[in-house]
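Below is one structure, written out as structure tokens; comments come after it.
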Protein chains: 2
Amino acid sequence: MKIELGIPKGTRDFGPEQVAKRHYIMNHIREVFELFGYEPIETPAMELLSVLTGKYGEEGDQLLFRVLNSGDFWKEVSPEDVAKGSAHLANVICEKGLRYDLTVPFARYVVMHQHELAFPFKRYQMQPVWRGDSPQKGRYREFYQCDADVVGTDSLLCEAEIVLMIMEVFRRLGIEDYTIKINHRELLRAMSEWIGAAGQEQALCVAIDKLDKIGQEGVVRELQERGFAQNQIQQLLPLFEVKGTYAEVLKHFAQQLKELASAKKAIEDLQTIQNLLEEASGQPLDTFPLMLDPTLARGLSYYTGAIFEVKVNNVAIGSVSGGGRYDNLTGTFGKEGLTGVGFSFGLDRLYDVMEALDLFPKNTRAGVDVMLVHFDTESRKGLLPLLQRLRGASIKAELYPQADKLKKQMKYAHKKGTPWVLLAGSEELQRQSVQLKNMYTGEQLEISMDEVVGFLKQKLYNG
Amino acid sequence: MKIELGIPKGTRDFGPEQVAKRHYIMNHIREVFELFGYEPIETPAMELLSVLTGKYGEEGDQLLFRVLNSGDFWKEVSPEDVAKGSAHLANVICEKGLRYDLTVPFARYVVMHQHELAFPFKRYQMQPVWRGDSPQKGRYREFYQCDADVVGTDSLLCEAEIVLMIMEVFRRLGIEDYTIKINHRELLRAMSEWIGAAGQEQALCVAIDKLDKIGQEGVVRELQERGFAQNQIQQLLPLFEVKGTYAEVLKHFAQQLKELASAKKAIEDLQTIQNLLEEASGQPLDTFPLMLDPTLARGLSYYTGAIFEVKVNNVAIGSVSGGGRYDNLTGTFGKEGLTGVGFSFGLDRLYDVMEALDLFPKNTRAGVDVMLVHFDTESRKGLLPLLQRLRGASIKAELYPQADKLKKQMKYAHKKGTPWVLLAGSEELQRQSVQLKNMYTGEQLEISMDEVVGFLKQKLYNG
């Protein structure tokens with residue numbers, strides 16, 4: 001019987017090369033996070049639905065993957081439960097769901113472990129999340145997030161360091177042309193107030209967050225639908241068109257909105273972030289890939305301060321990183337007033353960027369450095385101690401496990417991208433030597449067994 | 001409103017120290033796997049239930065976590081489905097489940113990707129798995145497995161290399177006193193035949209697999225219940241008591257069971273494994289932590305050749321690794337006759353062993369090397385460039401983000417286990433110097449700003 005084979009829609013298998021490339025990115029991110037003093041935590045794939053639901057809006061709740069209760073899940077279900085429909089029923093027969101992001105589990109973690117933690121608590125977390133979205137290019141149902149957050153301090157040094165961390169990660173990955181957009185929720189609030197729509201900054205944010213997707217006309221329509229008056233919109237639009245250097249944009253808003261308290265806070269914060277970056281680097285802000293973008297809004301409702309988004313230029317891939325400050329993330333779990341700021345790299349998008357720009361090093365794949373070929377029990381016997389010596393010198397090595405035809409063994413090494421092949425027939429073994437062939441250049445030489453390890457180390461690490 | 005906080009039964013949060021220690025183990029395992037030519041793959045957390053069910057026995061099917069279908073999962077459900085009970089209903093409303101082990105996803109992967117792969121295909125995989133078992137000490141509902149398998153060759157070099165890999169991982173982790181038990185399914189088959197119970201080796205395996213748990217009396221009872229006659233059991237028991245060196249046990253069975261074809265295959269294989277280990281190491285097998293144990297059975301039905309199990313001695317923790325050869329793992333997915341051999345490390349048990357033997361290095365935790373203390377905007381301004389210079393030299397560093405009281409900042413560094421604290425008041429800054437304090441020894445010195453990086457590098461990497 002042949003079973004229909006497949007994997008769930010929107011999920012992926014990763015082969016050796018893909019895993020190696022994904023780890024290449026994650027290792028660089030991890031190193032930078034740790035360099036800046038962030039420490040790792042990990043949380044379970046499953047969370048209680050009581051923790052997850054109500055945190056991501058109505059749409060988010062629908063996209064949660066729910067896990068059926070173990071055992072006789074139907075025992076407690078009443079006809080009334082069935083009659084109430086599947087949304088209700090799902091909550092009766094499931095008490096767990098798969099993690100939807102890393103932010104809510106982080107907030108839950110902080111509250112549950114608050115008495116063990118040293119505040120300000122700086123954590124990073126790199127784990128998969130799951131969302132029942134319709135899969136499409138670049139959007140998956142299982143994907144990795146790489147988050148760093150610090151909670152328990154309102155110091156704007158954290159915001160400045162987020163900029164520095166993004167720059168350091170990109171420098172290490174070789175990504176050169178990118179823009180870190182920054183804005184401030186209080187500036188958006190001030191804009192609402194300034195056009196006479198105080199308290200409606202959330203609606204404003206949701207509308208302008210779509211600017212990239214639906215254009216300015218679309219945003220105008222969206223604002224109309226959300227109850228903004230024509231004259232308010234007319235007054236708003238010029239604000240979005242303010243352009244220039246970070247300092248110029250900042251100066252513009254400082255003058256235009258100077259009478260609003262919310263603007264004052266935003267301007268001060270943005271000015272302090274500039275000062276900190278200049279003090280840390282000794283460079284003027286003009287040298288930073290930073291843009292103060294009044295149209296940057298970020299959809300999520302919990303942001304309250306500076307917000308970020310990072311876009312790699314000249315690549316048709318959405319933002320690869322984003323984040324911002326929030327004042328009360330843990331409030332919903334019973335711990336009020338813990339301010340924090342965090343951001344996230346999207347691993348899958350960064351991967352696509354790296355591929356598009358051809359930035360992965362040639363030898364990312366984890367395969368061996370050298371494959372040993374043998375022809376019979378005798379040559380295997382002669383090569384086994386050498387195999388162990390190579391490994392003892394940290395040279396990744398394998399002995400092709402069967403005495404297949406030479407051609408087949410060479411083809412195997414070629415298919416796996418193995419750089420060196422080592423052969424020894426009875427003649428070489430008698431001379432205590434081996435043939436060494438470079439699979440890229442075709443270069444071949446005979447070398448004594450005692451010299452192989454040293455020769456390969458030289459070639460592999462100083463080549 | 002305060003929400004009841006918690007995580008699902010049998011799952012765990014891992015804090016910074018635990019994550020660092022888990023990664024310490026996984027990194028060593030990964031390095032050894034790659035040294036031996038195994039390459040990483042990753043598969044989705046969710047698999048189709050059609051792939052998972054029927055592979056782990058009836059009990060296993062019950063322990064699968066099922067994921068509720070997205071959207072209106074109830075749409076297609078008929079009253080008949082409800083009447084058939086929850087086991088049936090679960091398969092109507094769920095088409096996906098969480099990975100239960102890494103072996104079945106691997107088999108599915110090999111068949112789906114067979115045309116891209118170079119055979120023999122050597123892969124490793126380190127990912128979490130989920131089982132709805134009753135949680136108890138050392139048994140969790142989410143835990144990590146670290147598997148290495150090679151399929152597409154019957155070479156016993158693979159078995160020998162599994163022994164070498166286990167030894168190399170343990171050497172790197174510092175685990176010295178352990179036993180690698182080895183046996184062969186064909187030897188167990190020969191035993192069945194020898195006592196006149198041909199074809200009942202599976203029942204035999206299931207019974208003696210419980211020897212550790214229920215003792216010899218229990219096994220005798222179990223064998224009786226499974227239909228073995230009293231005289232068969234009497235004939236069997238002395239076989240289980242054969243003890244001695246690997247060579248002695250091998251010789252014993254070679255003589256006692258010499259007329260049975262199945263024994264011949266087992267004896268030959270075990271002899272070849274011995275030869276290969278001796279050829280590779282240049283050492284006699286007596287020097288290996290290897291034991292030929294006729295009572296080792298392994299519960300899983302798919303094993304057909306050599307089987308392994310590893311126990312760390314003098315620690316009350318179950319086996320930390322196990323595996324064996326299988327001849328037809330992929331048959332159920334439509335690819336017949338692909339022989340292979342693999343084994344798995346249980347990360348959580350290895351972790352417990354490392355803790356019990358106190359084998360983790362002192363500084364596993366990922367925290368910073370040095371924390372900078374500041375008192376006001378001026379001292380922050382003076383320290384920021386130094387902070388960046390330290391990081392530029394790969395010294396993990398953080399600046400405490402607020403100008404809190406010195407005592408509070410020191411307490412923070414202490415709680416996080418930071419080894420060095422760096423302070424600079426206005427006097428030091430005027431002198432272009434800083435105070436550096438070692439938090440372990442209490443040692444404190446004043447040092448010029450230009451020398452700090454070099455001094456710390458020396459202390460951290462050559463101390």
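The backbone N, Cα and C atoms fix where each Cβ goes, and this holds for glycine too.
According to TrEMBL, the features are:
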- A:Asp101, A:Leu102, A:Thr103, A:Arg131, A:Gln145, A:Asp149, A:Arg298, A:Tyr302, A:Tyr303: L-histidine binding site (BINDING)
- A:1-385: domain 'Aminoacyl-transfer RNA synthetases class-II family profile' (DOMAIN)
Binding-site residues considered: A:Arg298, A:Tyr303; fewest surrounding Cβ atoms within 10 Å belongs to A:Arg298
For the binding-site residues A:Thr103, A:Gln145, the one whose C-beta sees the most other C-beta atoms within 10 angstroms
A:Thr103
Using a 10 Å cut-off, grab the number of neighbouring Cβ atoms around the Cβ of A:Asp101 (L-histidine binding site), all chains included.
18
Diameter of the L-histidine binding set by C-alpha atoms, the set being A:Asp101, A:Leu102, A:Thr103, A:Arg131, A:Gln145, A:Asp149, A:Arg298, A:Tyr302, A:Tyr303, in angstrom
22
When DSSP is mapped onto helix/strand/coil, what comes out for A:Tyr303 (L-histidine binding site)?
strand
Does DSSP give A:Gln145 (L-histidine binding site) helix, strand or coil?
strand
DSSP on A:Arg298 (L-histidine binding site), three-state: which is it?
coil
